[in-house]
Amino acid sequence: PLSGGGGGSSSSTMANGSGGGGGIRMSNNINANNLNTDSSSSPVNVPKMDALIIPVTMEVPCDSRGQRMWWAFLASSMVTFFGGLFIILLWRTLKYLWTVCCHCGVKTKEAQKINGGGDTQADGACKPTDEKEENVAAEVGWMTSVKDWAGVMISAQTLTGRVLVVLVFALSIGALVIYFIDSSNPIESCQNFYKDFTLQIDMAFNVFFLLYFGLRFIAANDKLWFWLEVNSVVDFFTVPPVFVSVYLNRSWLGLRFLRALRLIQFSEILQFLNILKTSNSIKLVNLCSIFISTWLTAAGFIHLVENSGDPWENFQNNQPLTYWECVYLLMVTMSTVGYGDVYAKTTLGRLFMVFFILGGLAMFASYVPEIIELIGNRKKYGGSYSAVSGRKHIVVCGHITLESVSNFLKDFLHKDRDDVNVEIVFLHNISPNLELEALFKRHFTQVEFYQGSVLNPHDLARVKIESADACLILANKYCADPDAEDASNIMRVISIKNYHPKIRIITQMLQYHNKAHLLNIPSWNWKEGDDAICLAELKLGFIAQSCLAPGLSTMLANLFSMRSFIKIEEDTWQKYYLEGVANEMYTEYLSSAFVGLSFPAVCELVFAKLKLLMIAIEYKSEKRESSILINPGNHVKIQEGTLGFFIASDAKEVKRAFFYCKACHDDITDPKRIKKCGCKRPKMSIYKRMKLACCFDCGRSERDCSCMSGSVHSNMDTLERAFPLSSVSVNDCSTSLRAFEDEQPSTLSPKKKQRNGGMRNSPNSSPKLMRHDPLLIPGNEQIDNMDANVKKYDSTGMFHWCPAKDIEKVILTRSEAAMTVLSGHVVVCIFGDVKSALIGLRNLVMPLRASNFHYHELKHIVFVGSLEYLRREWETLHNFPKVSILPGTPLSRADLRAVNINLCDMCVILSANQNNIDDASLQDKECILASLNIKSMQFDDSIGVLQANSQGFTPPGMDRSSPDNSPVHGLLRQPSITTGANIPIITELVNDSNVQFLDQDDDDDPDTELYLTQPFACGTAFAVSVLDSLMSATYFNDNILTLIRTLVTGGATPELEALIAEENALRGGYSTPQTLANRDRCRVAQLALYDGPFADLGDGGCYGDLFCKALKTYNMLCFGIYRLRDAHLSTPSQCTKRYVITNPPYEFELVPTDLIFCLMQFDHNAGQSRASLSHSSHSSYSSSKKSSSVHSIPSTANRPNRTKTRDSREKQNATRMNRMGQEKKWFTDEPDNAYPRNIQIKPMSTHMANQINQYKSTSSLIPPIREVEDEC
């Protein structure tokens, strides 16, 4: 039998090592005794010998004399390597000699050409040489093409090349795995190629490696360096031995471990496959692959020499070690631990270990720490989002901090919403701090965080932006440069839209003028849900609405913020306030039971029976365009599938409007029992719906109504083809019916024909336009015809407009302001300088100049602040009427007295210097100081006579002839304000916690949330942080933002924003029926209860009765109460502060001093001359102050008790003002025939004074009172 290769037979001796069998002497008999005698010093070899004895059979034609053939395998590799190296060097030597010889011939040829002699001979001599050169050139061209082809095949630049490179690497790993399997066998053994499956596979692999080696050789530019490459050496020592194995039917494990060196190319392969993209990942894979390949290769060499032994020791000193034991030995050696349980015994092994310790220790000491550092520096949040089937996700990016995220999550995941099955993915380029990380962990079921930037498409792919439901971008409200912050968010929008144009984006913007840049993004489409929440626009819009109806900013802010109900047992003002705070804005589709009813009828039914408050609907016009109508009035009928806007405490309550069924729920008194019923709801026939609409128009019951004649009923098919219900409202159907009945025998009474005749006589106008057209209202023809050639409104008809004015014409000096009697105006105290960021005062002025106010109802606006700052803002303000500027400072009491701050309807305190201070608590210092300064001022009571002229507003059609000294709607005519604490003020705050400094008499804790503090509840403080809730509210319902913007901005639309983006100013337009129709929209007002048509309900009445009466009688929709803070106390209180109660219940008890928030219809008749109808507005902020947002009806007759003393005083005052200087005219935009306000706000000429006497107006001109006061 043969001795195996691993532990060679101790009895076999090799003579002189000559090949062949003749020179080798072997013992004829091998037995245990001989083994014992020779191996007494090394008993370990005994079992190894038995294991290495290979039985000889006819199936394994292997040499039976136990001859070792390892040298044949090694010789094949060495001959291949050195033979190829010799050939390459020989080729280079011959080529060099040939080049030298040819170079000498070329020099001789050039010398002959230069000498110019023997042309014939030279040509004859050169001709053979030229032919040879052409042949060589052709041969080089062929070689070059083959070389280029081979280079492309192995360069991974093409798909074929990439496949080939990856395949070679995969097969190399496969060959290494076969080596691992064979390493458990002896080092050398007999094997039959035809029956050994692993040998066959290894042979196939090596044939492929040989072909790939040929391609690499052809493509190599430098053959010598290619021959010495690592991959080439691997092929030399692994490929030839396989062919020798087939020839000798013998296997030698040998140097096949060198295939592990192919692992060094692992990073290249991963780069080819686009798996590795970052430098850190490439470096990490490189380090790991070099370390592992070196480790495995060295272990293979130790395995070979230790199992074979030293050749000069006749292979007697071998030891059996498995390959994995050698791997363990190398790791212990590299780490310098050296347990000593496994060690090298052979001289070759020990010599190798000496050199390996030097290199391996250096590699271990440098590579391992670097690998650990790279792994440790990997982003903790650098993974990818895995979308969950059936669950939507949104991506939130931008300004991600603990405050912004906590505010967002608190509102987004509020329990009052329906089950929010949305996962929130935050993406930010800075890893979260510990507090923010803890917040994410508390919401780990619905929140995930990934580190990255939306400007990087790779990061967008990680968070699956293409499948996200929306992307929300948060802005830093406290940044020092708002324009730069907006630019960053716009870039984020551009990046996201560039990656996925169809994604819905909701972004916060700080400055209104930056919204125009979003329109430049081609894929930005607000119709598809894209929205920009401009914080400056909404913040100033809320404050502007508070100038019209104090406290409205607080109510609206609470409506779109999700607040939990906090129950208080004590009878305090906080109890009623918090009950209203629990209400939010919701949308729900209306039940088919409401189809055909008018909007007021549905509001009354929903409020009384379902305990819900509906304030608006989504209305579809004839062109199927949707628009949101807020308290539209009787002329709008509910369509099928109408979306209603409700105020309720949670989303479940709003479902009643969808489930309501007249047949099932008509007799139910408990609204909680209104749930989905099982009865089918057949659609109302077109005849039934039209008849119902007509019945509501004529005010009769369905049985008594004669609107629908039999002829109409018999021709319904014709009518349905002419007016399909899917494209017109019920109201339009009823109007169309009447037009249709013109051609049919009608039973309409002459009175009804006359009522509807006007519509039939205007074939060029649609019925809808005719209903909204103010030109059709009796008494308006003269006024509107007069306005037809005058530009009074902007091109959209939504705002009052005047030609651009130079700022010098509106500047008032302190003396001029003091001489001008200002009353019922708005004072805007603005802090800013040349370097301050613009806050966009246009957004404050626009709601106060909405066209649904008549010109004489507009409150005059006086800006008090730095002239340098106001000059920068003036470009956006110069087209608005009734605006003045007093250069100065809001901290100067002299300036404040000059503008009669004690007679203003509202004092607004703003600051443009908020974001330039590092300390957040000092950001509001100027606003707080100004507020406290005003509240501490004292005023003379002598000017109180101005208050005697105040009037409130009662709904149109009510007469009122109370004398001047009588109470008006519950507010006694007290003397004028004598202390600044009673001046209506609203202060803008940046830092919520600073609200504690505004009211010195409150007991608010510094940690109290803003909405729970007294200044916010009273409407005297507003912080931009309350607008954070709009992000989640807009995501769940984009109509909410449209509704809020409509209520707050006075009518700003996307079309108007596009126009402002083009010109940065409002464009004037001539009055047309279409633009005038835009004036017919409701506005917010406050109704007093002390006197007038609702006085009987003011003293202990029920809020629900007031709601129904106001809705039925005047189409006024009540939605809240502005109540005195101490109204619940039994003892009288001098406190004039009020707080907001949102959507009180039906049975809520009223008190006489209450002011009711209501949505009031546009009054066309209020703009007529005072000869026929007088109308003025006056606000009532407290029990001693009236303002124009509290309304009452003036008498249609001239007011009595106008004495000659009053008339003479008016003339004297007008003459005095005229002497002040006629050269200065402040209000050039005011029409000459416009009815003057209660108190004129300009120097009066004698002609104007006479005109006032002619009108017998109720105005009173008081001689200006000069006051001497030191400046602060």
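Using N, Cα and C of the backbone, Cβ positions are placed for all residues, glycine too.
Residues or ranges marked as compositional bias 'Low complexity' by TrEMBL: 1170-1195. Marked as compositional bias 'Basic and acidic residues' by TrEMBL: 1204-1213. Residues or ranges marked as domain 'RCK N-terminal' in TrEMBL: 391-533, 823-967. Taken from TrEMBL, the feature region 'Disordered' covers 740-772, 1170-1237. The feature transmembrane segment is assigned by TrEMBL to 69-91, 163-181, 201-219, 284-305, 321-339, 351-369.
For the transmembrane segment (321-339), the residues of the chain that approach it from at least six positions outside its boundaries are 180, 183-184, 295-296, 298-300, 302-303, 306-307, 353, 356-357, 360-361, 363-364, judged by C-beta separation under 8 angstroms. DSSP labels the residues of the domain 'RCK N-terminal' (391-533) in these numbers: 57 helix, 32 strand, 54 coil. For the transmembrane segment (69-91), the list of distant contacts is 5, 17, 63, 187-188, 223-224, 227, 233, 236-237, 240-241, 243-245, 248, 250, 252, 254-255, 308: same-chain residues at least six beyond its ends, Cβ to Cβ under 8 Å. Long-range contacts of the transmembrane segment (201-219) within the same chain, counting only residues at least 6 positions beyond its ends with a Cβ under 8 Å from a Cβ of the stretch, are 146-147, 150-151, 153-155, 164, 167-168, 171-172, 174-175, 178, 193, 226, 231-232, 235, 238-239, 242-243, 246. Within its own chain, the transmembrane segment (284-305) has Cβ neighbours under 8 Å at 176, 179, 183, 187, 253-258, 260-267, 270, 276, 321-323, 326-327, 329-331, 334, 344, 346, 348-349, 352-353, 356, 360, 363-364, 367-368, 370-371, 374-375, counting only residues six or more beyond its boundaries.
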